[in-house]
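Okay, so here's the structure we're looking at.
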Ligand SMILES: O=C(CO)COP(=O)(O)O
């Protein structure tokens with residue numbers, strides 16, 4: 001795979017997702033980091049996004065609920081380069097019916113090399129890093145070269 005770069009602007013597109021047992025943890029994290037989050041475009045899966053919007057007053061675009069396709073919607077946005085950071089408190093102790101979608105979302109975040117936090121400690125590290133506040137450049141797969149190679 002050849003790589004190219006993508007610039008993440010200072011004002012980022014941040015996706016917020018939490019499984020049910022982790023929703024309180026993510027809500028509390030959003031409340032603690034409301035000021036930092038307020039500088040960015042926020043979206044989330046249906047329930048998570050709506051709860052954050054209602055409880056913090058932050059503007060959050062709510063996609064579909066995760067089990068109904070929300071993880072897939074966010075994954076598609078990542079593949080299109082429209083999400084810059086994923087904060088996903090997924091549940092390691094309880095099964096969810098849409099596990100393939102969860103894996104797909106985490107997989108695409110890795111494929112497209114976006115910064116991901118899957119727990120509070122890493123979310124804290126991310127919010128304190130320059131990634132959160134500055135324009136940064138990430139390496140991403142060079143899709144045009146990938147396609148050109150496959151069709152020649
Ligand atoms: O299931 C989820 C992520 O996999 C989250 O969905 P909700 O935010 O709708 O609960």
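Numbering starts at 1 and runs along the chain as displayed.
Cβ coordinates are placed from backbone N, Cα and C, and glycine is handled just like the others.
Of the residues proposed, 39, 98, the one TrEMBL records at the same substrate site as 19, 23, 45, 46, 47, 48, 65, 66 is 98.
Proximity of residue 98 (substrate binding site) to non-local residues of its own chain (separation of 6 or more, Cβ distance below 8 Å) is seen for 66, 67, 71, given in sequence order. For the domain 'MGS-like' (6-152), the predicted model reports an average pLDDT of 98. There are 16 other Cβ atoms within 10 Å of the Cβ belonging to residue 65 (substrate binding site). The record assigns 19, 23, 45, 46, 47, 48, 65, 66, 98 to the substrate site; their largest pairwise CA distance measures 17 Å.
DSSP classifies residue 47 (substrate binding site) as helix under the three-state reduction.
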